[in-house]
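Undergrad: Dumping the structure here so I can ask a few things about it.
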């Protein structure tokens, strides 16, 4: 079994295509469950952000697994497979590992070095785990990716500029409005991106903030945080969006909705009086109706505009050191995986040896029924010691050999030499399949 990645991002597809492909939180469980119906896929995780959609899966066969995943995504997006393949990319085995490590490190982001993707990877894992779609392989892969991402950010200067999609958008808004200090802002969506936007708007010096969200409670919590920072903040639901639009100079929106939440009529009504209004539309799909950009006095900063901004590539100078860390960590991960794959074979061999020892001791009992208990115990200990010593060197060596590229052949040779039952090896591998969730994945 190997890891297969099927995805599309800002590097391979235009925004209109990414909008079709976007998989919202509500749809992710459906996609996961549909893909897992195939016997060719044993684990699956969906990573969907404002500029990428990627499915990571553990598959029994490359071509079969690719067909299952591709068809599931195509059906979700309402696209034909021929159209989808124009924009999709595929990574397998080592290349899939390297890609996820690069993504978690911010190396593949629209804004190189941004850190929000770490939380997005963590959320993708949590969703997959909650739907029993994660086994040992994706657990270890996700844990390693998060650790690598943190290491890159702590050991390199890749995020020294503090850039993110939000900061790039707000810099553009600042330029359009001749400054954000003293302005009134609205944040539509109180999730992680909305929280980040709120924090950056506060640092930019806004005076007033409207927090708009479907859930009034989440909006109130975010507004309370802003008030603690000295900003006059109010929380409203989406039903009252018009109140915020009527007052705001800049609107930052990222709701995760499947269709626009800000319509042409909403904005047209809010613009009465001839004022200027800047929208930072960070949603994928878009939160702001595209026709809004044609209104006088309106500026829409969307993902396509952000992608063209030179600031989004400013951190690339530090990418070399980050890439070296990723390469080193990929090698480390693959070594660990190869050793993990041979471990069930070694364990099955030791179990087989223990069974042989016990069978021979039973034969001894039949031949020497009068053997004293203490003497029998000493014989048993001696036999077990001999077997352990005989097995120690070859099992240690096979783990070492298996850790090198192409080392799976040594485990196969061990199974053949000792006639180990494949079902026994598989049972050993399955037992304790998923370790306890780690702090990396849940903090």
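Each residue, glycine too, has its Cβ placed from N, Cα and C.
What Swiss-Prot records for this protein is below:
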BINDING   49, 50, 51, 52, 109, 114, 115, 116, 120  substrate binding site
ACT_SITE  50  active site, nucleophile
SITE      99  site 'Important for activity'
BINDING   189, 190, 191, 192, 193, 194  NADP(+) binding site
Undergrad: If I restrict to non-local contacts, at least six residues apart, and a C-beta distance under 8 angstroms, what lies near residue 190 (NADP(+) binding site) in its own chain?
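TA: Spatial neighbours, sequence-distant, of residue 190 (NADP(+) binding site): 211, 213, 215, 218, 219, 221, 222.
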Undergrad: Rounded to an integer, what is the Cα-Cα distance in Å between residue 109 (substrate binding site) and residue 50 (active site, nucleophile)?
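TA: Pair distance, Cα basis, whole Å: 10 Å.
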Undergrad: Which recorded positions from the set 99, 189, 191, 192, 194 come within 10 angstroms of residue 120 (substrate binding site), judged by C-alpha positions?
TA: 192
Undergrad: What is the number of other Cβ atoms found within 10 Å of the Cβ of the residue listed as 'active site, nucleophile'?
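TA: Taking all protein chains shown, the residue listed as 'active site, nucleophile' has 23 Cβ neighbours within 10 Å.
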Undergrad: Quick check: which same-chain residues outside 189, 190, 191, 192, 193, 194 lie with their CB within 8 A of the centre of the NADP(+) site CB atoms?
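TA: Along the chain, the qualifying residues are 187, 195, 196, 197, 213, 254, 255.
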Undergrad: Compile a sequence-ordered list of residues in the same chain as residue 194 (NADP(+) binding site), six or more apart from it, whose Cβ lies below 8 A from its Cβ; state 'none' when nothing qualifies.
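TA: Long-range Cβ contacts: 187, 188, 211, 213, 222, 252, 254.
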Undergrad: Which residue, out of the binding-site residues 49, 51, 115, 120, shows the minimum number of other Cβ atoms inside 10 Å of its Cβ in this structure?
TA: 120
Undergrad: Among the binding-site residues 189, 191, whose Cβ has the fewest other Cβ atoms within 10 Å?
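TA: Comparing Cβ neighbours within 10 Å for the binding-site residues 189, 191, 191 has the fewest.
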